[in-house]
Amino acid sequence: PAPAEAGRVPGPPDGGWGWVVVFGAFVSIGFAYAFPKGLAIFFKEIQGFFGTSYSEIAWVSSIMLATTYGAGPISSILVNRYGSRPVVMFGGLLCGVGMISAAFCTSILQLYICVGFITGFGLALNLQPSVIIVGKYFLKRRPIANGLAMAGSPVMLCTLAPLNQFLFDNFGWRGSFLILGAILLNCCVAGALFRPIGPGTALVKTQVAEEGKDALKGKITEDGPMENKTEEEGEKDCFEKVNQYLDFSLFKHRGFLIYLIGNVLMFLGFFAPIVFLAPYAKHTGVDEYSAAFLLSILAIVDMVARPTTGIVANSRWVRPRIQYFFSFAIAFNGACHLLCPLASSYTGLIVYSSFFGLAFGMVCAMLFETLMDLVGAARFTSAVGLVTIAECCTILLGPPIGGILIDTFGDYKYMFIKCGAVMVLAGTFLFIMNYYNYRMLAKEEKERKAKEEDPESVRTENEGKKTWNKDSIQDGPELEPLKEKGEGLKKEMNGT
């Protein structure tokens, strides 16, 4: 029999092997975020090779990003079922297969499938588990750990931008895709570092669940008249299982809805400026390596901004009101895009890339930390899955809408203005609604304290707590093995 401690999940260690997990997440998240942006180096040449427009070639990155985010619920379900380690390793394998297959594509549609869907789905299986497992290993130092893990994106982008240009000059875009597919297999190595916390918990629950299913099947075989009741219970079990993996009650959570609406609006203009930064520089007459260097500048500033933002967000002045800081970062990002059309020279583009990297790093460092701050660590896995599938629509449409504006007006400035306006609007919305949310939370806390001061309400509440504790003790998942064992001994004593 399993020991009494087998069903209990240990608390976050806040260090130790957790820093190795942060390094694995650094690699995995870095590829998930930076790879779609780094592919922009090949877009102008692939566009000429297949004879496509700006909007058509932009769909490659859009489909990849949308698949990465849209497959969030699938990734969350797989993590809840199998854990982060095997999911990330399988995702790395998919990424490599997708890019190697893309090297043999003969049409833009095949690129959509290989690069967009297959590689994008592999990146989804890298992103979600990496974010989730960092939250399981850290609590007090979680903003710093998230900032360090999210810093993988600028480091990878800083490396991939010049590397992709070098690979293209020496091997062409097909040979480059073969090499990049091999590089992406390193995600399998990163996933191997994700050692699970409390490995005995899932095993005990699985054994108990299987025993319960066998007992239910035997009861159905013996008792014929209980068929209707069993079907109803089966339907309830089905809904409970779905709700276990994806907690749809989050749509009743006020803070979660505010975060969701603001982020869905923000992503309409979040990725398009990065996708079109290098083509915009080439359009103004800048050579290929200098255009790729702009992405490196953005990534270097981003690399410093993410851990710095994590440290600032973890301070006692910012963390209690981290949602305001997140809103400011989004609005600051939009302001950079609105000012981009003023940068007509290469020096101006360097200045824009620097400020863009700072704003981009601030947003990315707090993107998941603010969500966990709102819903808590217990519901974070479900929240990530629901948020990403809602965001995938605007992520999918963002770069193609920018490409349509470029094709229509023959100028990049309208694309940057659109993205900037949307980001400023999203930041303003989040700031106002988070102010309202904080006010409502303070009011609810005040009402709760007033009820505690009333003796009659305290007595009623204590009775409710006792009832709840009794129910939780009887039905709690951590004590299920002990419950089953106790019931078995009771039946033996009664002679049944």
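Glycine is no exception: its Cβ is also placed from the backbone N, Cα and C atoms.
The feature compositional bias 'Basic and acidic residues' is assigned by TrEMBL to 446-473, 480-496. Here TrEMBL flags 18-438 as domain 'Major facilitator superfamily (MFS) profile'. Here TrEMBL flags 446-496 as region 'Disordered'. Annotation comment: TrEMBL describes 16-36, 57-78, 90-123, 144-163, 175-194, 256-277, 289-305, 325-344, 350-368, 380-402, 414-436 as transmembrane segment.
Pairs of Cβ atoms less than 8 Å apart link the transmembrane segment (144-163) most often to 16-36, out of 16-36, 175-194, 289-305, 325-344, 414-436. In this chain, the transmembrane segment (350-368) touches the transmembrane segment (256-277); three or more CB pairs sit within less than 8 A of each other, excluding pairs fewer than 6 residues apart. Beyond the transmembrane segment (325-344), the same-chain residues lying 6 or more positions past its ends with a Cβ under 8 Å from any Cβ of the stretch are 262, 266, 269-270, 273, 284, 309, 312-313, 318, 351-352, 355-356, 359-360, 362-363, 366-367, 370, 412-413, 416-417, 419-428, 430-431, 434. Per-residue pLDDT, averaged along the domain 'Major facilitator superfamily (MFS) profile' (18-438), amounts to 79 for this model. Using a Cβ-Cβ cut-off under 8 Å and counting only residues 6 or more beyond its ends in the same chain, the transmembrane segment (16-36) has close neighbours at 61, 64-65, 68, 88, 92, 95, 119-120, 123-124, 126-127, 129-131, 133-134, 137-138, 145, 148-157, 160, 180, 184, 186-187, 189-195, 271, 275, 299, 364. Using a Cβ-Cβ cut-off under 8 Å and counting only residues 6 or more beyond its ends in the same chain, the transmembrane segment (414-436) has close neighbours at 258-259, 261-263, 265-266, 268-270, 272-273, 276, 323-324, 326-341, 398, 401-403, 405-406. Most Cβ pairs under 8 A with the transmembrane segment (350-368) among the ranges 57-78, 175-194, 289-305, 380-402 are made by 289-305.
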